[in-house]
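One structure, pasted below without further comment.
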């Protein structure tokens with residue numbers, strides 16, 4: 001085996017193994033941590049971790065089956081097509097996350113009215129089914145996946161129907177990336193405005209706190225802000241790692257035999273594997289930093305007010321603990 005191919009094989013196996021371990025660890029932390037009380041946040045992260053874990057285990061299994069010729073080649077190619085659904089599904093989950101955070105920070109009253117746990121779950125499942133249906137089209141003849149005894153990527157299409165599918169996939173994926181990018185730009189801008197506002201963050205949202213001055217998003221808790229930053233970083237990681245996949249489609253179609261394009265295609269595949277590997281570790285670092293922020297108190301600084309959580313009876317169902325702002329009594333000399 002050439003050294004370059006050996007390196008690619010080793011890197012692929014390493015990514016899949018590390019990614020499998022990371023996603024398993026993220027699922028364990030998510031479902032055992034006593035601080036994971038916001039059901040909607042836990043739901044989205046669970047869906048992302050399960051999706052990525054299945055993708056990692058599935059790809060590792062598929063490569064081993066293909067390498068040792070355990071299964072017929074065409075069946076292996078069908079298996080690869082089915083696994084592709086988890087790649088596109090990860091983007092759909094990232095889009096739902098971006099929309100959820102956008103509503104939570106910019107339209108909090110509307111968010112509490114329409115974004116329930118059940119509605120969020122239905123959106124996640126619905127978007128994943130749509131992406132899977134689109135991905136499975138090559139199995140019924142629309143799009144390429146197998147030719148001349150070898151697995152074929154959809155971007156390597158040669159016949160007209162297969163090329164149409166490749167370009168439609170390009171439009172679908174590019175639209176997904178653009179929506180995620182736009183929502184995250186709005187999210188970053190909103191977070192920067194919140195950081196510079198210097199106001200006390202209040203969690204209880206009501207009609208009386210909603211104003212028409214364009215700044216309703218200032219009333220957010222530190223936990224929500226931290227989660228928004230995590231979601232933004234996860235979505236940006238998805239865009240950076242998946243954009244080369246979309247760019248490859250027209251490049252491969254226009255320059256079939258160009259060696260530079262082939263190298264770019266391999267880089268795009270490597271970035272895709274990196275994305276599934278990095279996702280869980282980003283979350284683990286986030287949880288670690290969150291715990292440090294909760295337990296760390298700077299010495300020599302006396303806060304002007306104490307923000308305490310007063311859990312209500314429906315805290316677990318509403319995902320909205322009440323924040324009570326209590327002034328610290330000052331002593332007179």
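Placement of Cβ uses the backbone N, Cα and C atoms for every residue, glycine included.
What TrEMBL says about a protein is an automatic prediction, not a curated fact.
It should be emphasised that the depicted structure is a prediction, and the values quoted were computed from it without experimental measurement.
Copied straight from TrEMBL:
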type	residues	note
DOMAIN	22-283	domain 'G-protein coupled receptors family 1 profile'
TRANSMEM	6-30	transmembrane segment
TRANSMEM	42-65	transmembrane segment
TRANSMEM	80-99	transmembrane segment
TRANSMEM	119-144	transmembrane segment
TRANSMEM	164-189	transmembrane segment
TRANSMEM	230-252	transmembrane segment
TRANSMEM	264-286	transmembrane segment
If you average the pLDDT over the domain 'G-protein coupled receptors family 1 profile' (22-283), what number do you get?
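Within the domain 'G-protein coupled receptors family 1 profile' (22-283), the model's average pLDDT equals 84.
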Determine which residues of the chain contact the transmembrane segment (230-252) at the Cβ level, with the cut-off under 8 Å and only residues 6 or more beyond its ends counted.
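Those are 44, 48, 90-91, 94, 97-98, 100-101, 154-156, 166-167, 169-170, 173-174, 177, 180-181, 183-184, 187-188, 191, 261, 264-265, 267-269, 271-272, 274-275, 278-279, 282-283, 286, in sequence order.
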Go through the chain and flag residues at least 6 beyond the ends of the transmembrane segment (42-65) whose CB is under 8 A from any CB in it; none is fine as an answer.
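Distal contacts: 12-13, 16-17, 19-20, 23-24, 26-27, 30-31, 36, 71, 76, 79-80, 82-83, 86-87, 89-90, 93-94, 96-97, 100, 117, 120-121, 124, 128, 231, 234, 273, 276-277, 279-280, 283.
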Cβ under 8 Å to the transmembrane segment (119-144), counting only same-chain residues 6 or more beyond its ends: which ones?
40, 43-44, 47, 51, 78, 81-82, 84-85, 88-89, 91-93, 95-96, 100, 152-154, 156-159, 161-162, 165-166, 169, 172
Given the cut-off of 8 Å on Cβ pairs that are 6 or more apart in sequence, determine whether the transmembrane segment (6-30) and the transmembrane segment (164-189) share at least 3 such pairs.
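Answer no, regions not in contact.
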Let me spell it out: take the transmembrane segment (164-189), skip the flanking residues so only those 6+ beyond its ends count, and list any with a Cβ under 8 Å from a Cβ in it.
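Cβ under 8 Å, 6 or more out: 88, 91-92, 94-95, 98-99, 101-102, 105-106, 134, 137-138, 142-144, 154-155, 157, 228, 231-232, 235-236, 238-239, 242-243, 245-246, 249-250, 253.
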